Amino acid sequence: MARTEQRESFRASLDKQPHEVASMFDGVAERYDLTNTVISMGQDRYWRWATRKALALRPGERVLDLAAGTGVSTVEFAKSGAWCVAADFSKGMLAAGSFREVPMVAGDAMALPFADESFDAVAISYGLRNVADPDLAMREMLRVTKPGGRLVIAEFSTPVIPVFRTVYMEYLMKALPRVARAVSSNPDAYVYLAESVRAWPNQRQLAMRMAAAGWSSVQWRNLSGGVVALHRGYRLG
């Protein structure tokens, strides 16, 4: 595969056409994990650990890690002893993570290639925001989850302290694209990141949409002052 530095810089639009989003992630795949660590100032490792804890996985459980990218989160979840499969609609991302010893499947969150009630738990980290129809995706996640199973969504959200929120938005819209230019193979993708985070629902709004999609007992926990929120819900029996 050609090195991604040779790709034309490209970003998806906020209508999130699947082919555009997949192509954009194909273009950042080679340096994706490094770029995430840099732009999050190392917080990405803590966020993955916190997501695994929120999943409360047990050995032998079956877990779907959706929008898994290169599988770095899947490896984190597998530390629990659960059987974890990574799924993503960017074949470039899956190829970049092919060295990781976890099963990987190409799949669209809006039409998951799995049977009903296949998984004890589903996680999606920083991916629901990139789906054209997040509500349909959450219903698909419900379909493939066993009764009593759970969904954890890790996603960029709304900082809870107003002053910090202002500073964060300044970083997101102005500084982050400049940082991305130094490390990413497709810095324009991080302009899309900033714009999509700004347009994303806040914590309460996302919880309401989870409930409307059929998830029960929905709660959330803020990480890093609300830069990221973990939402968890359950499928009733």
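Quick reminder: no glycine exception, Cβ is built from N, Cα and C everywhere.
What Swiss-Prot annotates here:
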type    : residues                   : note
BINDING : T70, D88, D108, A109, S125 : S-adenosyl-L-methionine binding site
Open item on the list: What's the number of neighbouring CB atoms sitting within 10 A of the CB on D88 (S-adenosyl-L-methionine binding site)?
Closed with: 27
Open item on the list: Validating a neighbour-count step here. Other CB atoms within 10 A of the CB of D108 (S-adenosyl-L-methionine binding site): how many?
Closed with: 17
TODO: Note down the number of other Cβ atoms within 10 Å of the Cβ of A109 (S-adenosyl-L-methionine binding site), including every protein chain shown.
DONE: 24
Task: For T70 (S-adenosyl-L-methionine binding site): intrachain residues, at least 6 apart, with Cβ closer than 8 Å - done: A29, Y32, D33, M93, L94, A96, G97, R100
- [ ] Look up D108 (S-adenosyl-L-methionine binding site) in the DSSP assignment and reduce it to helix, strand or coil.
- [x] strand
